[in-house]
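Chemist: Just lifted these from Swiss-Prot, have a look:
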type: SIGNAL; residues: 1-23; note: signal peptide
type: REPEAT; residues: 27-30; note: repeat 'AXPX 1'
type: REPEAT; residues: 31-34; note: repeat 'AXPX 2'
type: REPEAT; residues: 35-38; note: repeat 'AXPX 3'
type: REPEAT; residues: 40-43; note: repeat 'AXPX 4'
type: MOD_RES; residues: Leu59; note: leucine amide
Amino acid sequence: MKNTILLLFTAFIFLSGFFGMSAEALADPKADPLAGPFPDADPDPINMKASAAVAKKLLG
């Protein structure tokens, strides 16, 4: 029984890789495969010096 489950799991992993399915695609099949990892993310980087200045001003 244990060997059968291991064999089926291994076959599933092999077939998933063979057909080009990633773990994310298996988890969310409706996701756009051409989109980046975070399509709603802000493209501008966070200005750490400005953030630190605001935090210092707020916290005293």
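Each Cβ is built from the backbone N, Cα and C atoms, and glycine gets one as well.
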Chemist: Mean pLDDT over the repeat 'AXPX 3' (35-38): what is the value?
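Modeler: Mean pLDDT across the repeat 'AXPX 3' (35-38) comes out at 60.
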Chemist: Within 10 Å of the Cβ of Leu59 (leucine amide), how many other Cβ atoms can be counted across all chains shown?
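Modeler: Leu59 (leucine amide): 6 neighbouring Cβ atoms within 10 Å.
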